[in-house]
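Engineer: Quick one: this structure, given as structure tokens, is what I'll be asking you about.
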Amino acid sequence: MAPPSAMDWAKAVVYKPIEIDDDVEIALSNRSNTLNCNEKIDPLLCDEPDEDEKPRRHLSIRNYQKLKHYCLCSILVISSIIAQFDYVAYKFSIYSSHPGETMLRPWLIVLMFCECLYFITTLLSAVDHLIPPSNRPDLGLLNTSLANTPTVDIFIPCCKEPTEVPIESVKAALALDYPVDLVKVFVLDDGGDDDLRAFCDAIKVETAGRVVYIRREKKEGVPHNFKCGNMNNGLKYSNAEYVVMMDADMILHPSYLRRLLPHIVSSSDVSFVQIPQAFYNLPIGDPLNDCSSLGYDRILPSRDTLGTAACVGTGAMFRRKYLDHIGGFQPQSITEDTMTAFTLWNRGYESVYIDEKLQIGLTPWTFEGYIKQRTRWGKGAIQQFSASARACLGRESQLNFIQKILYFYHTGYYFVSFVNVLLMGTLLCALAFNWNLSVGTAAENATLVKHLAIYLLMFRVTWFALWLNMPQGLMMRNREESHFWWITPYFLEMCIESLVDFKSTYDFVPTSNIDKNAAAAQTSQSGPVSSWLTKYKNQVGQVKYHLAFVITSMAVVLYRASGAFFTGNCSEIFLVVGLSVFFVSVGAHMMIPVIYVFFPPSFKPSQRKSLLRYNADGVPQFTPEDGIPKWSSGVIPYEILTWISLVFWLAALVFVIVDPLGATLQSRF
């Protein structure tokens, strides 16, 4: 509900069929608009912020420690690629030398196919780690006392979120440290929230027209393009030089505008500036990897070096002139943020990424909401590729080679789920039915084990190094690895659905609505028994693939492990132990969503306000540390499993070095 002051004002309001106030255009036209989009503000005229004003300085390779870390990671990434190629190439040479044996074991060809695809994936993903972090200078805070200080409109699109959520986002936007006559807040309401409208009507009077409420008309049968269409409709009533794209739940830091503007007004090549997302309702330990530390703290700072840091859908400041050049936000994909970013890059424009936590918001409260959100991103990526592949990868594309790789990998990443399932399924069958995984002589197989051990050890050391100097590095390293495995069934299902039943548009349900529907489904039953059964059925349905995998793989591991040692066959014992370590690790990763669904985190939507701090005016406030996930000891078992795997392959490497002919592996005891 809206606060009392807004509701009191609402009692005197008579709503008209026209959804835009008649004085909107007059108010907008009266606002100062003196700075040309190509005009530059001298960075020297920017104020240097006090230490307590700026959340965190931008990462810079000029820092010696950062430079050392980049050099270390580059050496390890390249070494890991060489080791992986060496392993795959040697394995291929063995299979080529023994074609008869290989053809008799077709599962080996399947595994070889998976390993080749993994190698291609490694090459594509290595680009992000070999690009040095941006050395973008810290331009301080924009000096807003200048006569040519630019105008900014902040877009807050809403669609049936709890009314108090966008209200707090509006309050935070109004409290930005910026001249009040140069910034307006546009509340773009696609959900028909009368309480939100009443609040906006009241606050508009209190702030002398700085809040503009817009509720667009949606004609039946006419595509309205969801959030993208909502923001494009807002552009019709905006005349500011810069437009900020926000999510309804995101709260801006007071210094947001003054921190970002110097980076876009100082260069006419920059089309938008992006900051990372942070969340104040993260469960302890961040089990689902909501904060995406690898992406925000490592990958995007590196992509910023090339001016190709992606738009993440909120906290992005766009140059209005360049948005107009491409026809506004791009509706060809339900992920209009990345679609718009790639379209701008394909026009030759650049982007800037400022690695400072200047916004904080809500991540989905429920597991169902989280999965719907992530699979929607995947569908959007596939839709984007279908709509723009020719423009972005064709001869007339203005994307450079690295940008084309990133464009391809943006969609291709989701299809790695096919490889994961194919690999795990084949290896599980090999373990269950005792399929022979060796070809060639004992010496050749011993050498192959050596190559595999070197590659896996190099991969693990490289993976460790990439997470050095990152917030909660140990915990988030394990969360990222877990996420790679447990998200696989959902991405696979999404990819199959997209390929088999492709549509030019997808049904879009806001994440907040998914959360509300999930909560309602658990409490709408008539009796406690019926409610419990429905809840249990829903929980099992969400993680049915994970439960099936864990039960099946653990049964196979126990069955084979219990019998392998009685055979006295060293080769079989080595195979069983190696595959068992792998499946126990993957099974542990697969248990994360199971635990999350059946034992959800303690944070509930009803506790939302208690997770924030407010000043005397009721404006929510935060510090950068609020978005860092809290440590959880629940990650320790995953770290132990990691080290068990590492020790196993280290022992295997020593073993085959001592016995290069593989005589021991062929022996019995």
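Residue numbering: from 1, along the chain as shown.
Yeah, the Cβs are placed from backbone N, Cα and C, and that goes for glycine too.
Summarising the annotation, TrEMBL assigns transmembrane segment to 67-87, 107-127, 413-433, 453-470, 545-567, 573-599, 640-658.
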Engineer: Between 67-87, 453-470, 573-599, 640-658, who has the most Cβ pairs under 8 Å to the transmembrane segment (545-567)?
Structural biologist: 573-599
Engineer: Can the transmembrane segment (573-599) be said to touch the transmembrane segment (107-127) if we require at least 3 CB pairs below 8 Å and skip pairs under 6 apart in sequence?
Structural biologist: no
Engineer: Cβ pairs under 8 Å only, please: of the recorded stretches 67-87, 107-127, 413-433, which one is richest in them relative to the transmembrane segment (453-470)?
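Structural biologist: Stretch with maximum Cβ contacts: 67-87.
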Engineer: Residues sitting near the transmembrane segment (67-87): Cβ under 8 Å, six or more positions beyond its termini, same chain?
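Structural biologist: Apart from its flanks, the transmembrane segment (67-87) reaches 61, 115, 118-119, 122-123, 126, 129-130, 132-133, 448, 451-452, 454-455, 458-459, 461-462, 465-466, 468-469.
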